[in-house]
Amino acid sequence: MSNKLKGIIASNGVAIAKLFLFNKEELVIDKSNISDQDKDLHIKKVEDAISSYFNDLDYKEKNEQNEEVLNIVRAHKELLQDPYFVDTIKEKIQNENKNAELATNETVEQMVMVMSALEDEYLKERADDYKDIGFQVLCKIKNVVPKDLSKLDEECIIISKELTPSDTSNMDKEKVLGFATDLGGKTSHVSIIAQNLDIPALVGMQDVSSNIKGEELAIIDGNQGILIVDPSEKEIEDYKNLIEKEKEEKQRLEKVKNLEAKTLDGKVCEVSANIGNIEDLKVAIEHGCDGVGLFRTEFLYMENDHFPTEEEQYEVYKEATQMLGEKPLVVRTLDIGGDKGLDYYDFPKEENPFLGYRAIRFCLDHQDIFKDQLRALLRASAYGNLKIMLPFVISTDEIKQTRIILEELKKDLDKEGIAYNKDIDLGIMVETSASIIMADKLIKYSDFFSIGTNDLTQYTLACDRGNENISDIYNNFNPAVIRSIKHVIDESHKAGKWTGMCGQFASDTKATKLLLGLGLDEFSGSASKLPKVKDIILNSNFKEEEKFALTILDLEDVKDVEESIEKHN
Ligand code: PEP
Ligand code: MG
């Protein structure tokens, strides 16, 4: 009898192969203290270990092709160079007489604890990176060669307690057909890598690694969230057919991805990508993006040890603009604060940071920082189709103030003879209740809207987007959210302007037809989802979807909306 085990879907797809059980070594940390004479020796041990791991990463960077793996390698190099990391370890040796292993382990644990406590998914991932580099550095200190997945004899599905970024970056990608891990969440590195490699993955499987011997034949179903161990003949047959169909679907989408997203009756939409850096943009272009609907610039600030200068930012924005040619690049100005902090700036302690000193509020209060970014954006706008977007707007005043600053900066650039796009668009994110209600007024001062459903749903439903206890309430299909979206789109259209969406909802393929029918002009989301969103638009009739959307707007609760959409799709 086959054994079906459930997991959280981290990456879609289906594969059949033998299971490969990957158990990492447990490192036992020496807890003894050292004498004063030995301090230098232990500091040297740490320095050698860090530099040896840095050299390994350097070698990997030169020989790796996969963009997502390169992202990991570069992120690890950066973290290894973080003076806070190295200095904290050294201080523990110097001031507390801790040995090299103990000092490293304690430092890593502290950093992981701080990062894991944050709600921001991106920063949570950084905790995994610290755990990972900690493990690699400790292996170097202890002279242990860690097991890896770089040489596999045959195609397999990896089963493990967890997979660290370096496990996935080292693995033999030709042979790995899927992963299933005890730990990990939807947004962990392993999920991102699996999506990038386009292989199925399940995470949060609790104790799968203890219940598997390895070598069993299995089916991993990343669409249903199940791992079928020792499948029956019938199950194998059915899944082989499904795999064949998925292959055909992928080949079909490959042809669709670069087409214009035009409905059967001629409405043209844009299908764009959300990015956080240049590497993401490369992946987005490979997936046929029509532009970038959201460049989250806060990562540029968070990955630095100082507020990035105008020049540093200009280089990045210019490169991204040039990579896109005529296609639009919508750059969101600094969305910092809330739970997104900066190592080099002390944000005030707040009772409700999500409702606090953040995003446009922070920028208008720190005009020197804001001006550096806006000037960099203006200068980069000379190279293509760059648009500026303000986050977390609640009033026309915030846009007016920004426009005044922009005008001053433009005058300066004129005086200096520096080129920029004089008609650069300034739009806003609609992600607060105030911005929905005031949409008719806000659009007077905005060239476009982009709906940030991640926050809009949170504020409309008074429901924390990261709180698992109320995750069943947090639902983009809630009629209050759907009506808000409709209202915002209508107000922009009345003013002859366009509305996009850059929250996750825009790349939820269950919602594509509905959003099309509500009149959305631009869908911006995860690169891997873009071809499917485009395909749905290409095969839809806008007028029909418009009628369907009207029936949805009349429904009373979320269940009705979901049922009706499921039937319709
Ligand atoms: C949003 O709120 O929908 C959004 C895109 O912004 P972020 O997820 O970065 O808050
Ligand atoms: Mg937001």
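Glycine is treated like the rest: Cβ placed from N, Cα and C.
These numbers come from a predicted model, not from an experiment.
Annotated features in TrEMBL:
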type: DOMAIN; residues: 6-126; note: domain 'Phosphotransferase system enzyme I N-terminal'
type: DOMAIN; residues: 153-225; note: domain 'PEP-utilising enzyme mobile'
type: ACT_SITE; residues: H189; note: active site, tele-phosphohistidine intermediate
type: COILED; residues: 229-263; note: coiled coil
type: DOMAIN; residues: 251-540; note: domain 'PEP-utilising enzyme C-terminal'
type: BINDING; residues: R296, R332, N454, D455, R465; note: phosphoenolpyruvate binding site
type: BINDING; residues: E431, D455; note: Mg(2+) binding site
type: ACT_SITE; residues: C502; note: active site, proton donor
Please average pLDDT over the domain 'PEP-utilising enzyme C-terminal' (251-540) for the predicted structure. 95
R332 (phosphoenolpyruvate binding site) - helix vs strand vs coil (DSSP): strand
In sequence order, what residues of the same chain, 6+ apart, have a Cβ less than 8 Å from the Cβ of R465 (phosphoenolpyruvate binding site)? N454, D455, T457, Q458, Y474
Out of R296, R332, R465, C502, which recorded positions have CB atoms lying under 6 Å from ligand 2? none
Per the record, phosphoenolpyruvate is bound by R296, R332, N454, D455, R465: how many Å separate the farthest pair of Cα atoms? 20
For the C-alpha pair, I'd like the distance in angstrom between R296 (phosphoenolpyruvate binding site) and C502 (active site, proton donor), rounded off. 10
If you measure R332 (phosphoenolpyruvate binding site) to E431 (Mg(2+) binding site) at Cα, how many Å is it? 13
Per residue, counting other C-beta atoms within 10 angstroms of the C-beta, which of the binding-site residues E431, D455 reaches the highest number? E431
By the DSSP assignment reduced to helix, strand and coil, which category contains R296 (phosphoenolpyruvate binding site)? strand
Mind checking which residues of the chain, 6+ beyond the ends of the coiled coil (229-263), have their Cβ under 8 Å from one of its Cβ atoms? 1-5, 13-16, 19, 198, 212, 216-219, 221, 269-271, 287-288, 290, 516, 523, 530-535, 537-538, 540-542, 545
Those binding-site residues listed as R296, R332, and which of them has the most Cβ atoms within 10 Å of its own Cβ: R332
Rounded to the nearest Å, what's the C-alpha distance separating C502 (active site, proton donor) and E431 (Mg(2+) binding site)? Just drop the number here, would you? 10
Please state whether DSSP places N454 (phosphoenolpyruvate binding site) in a helix, a strand or coil. helix
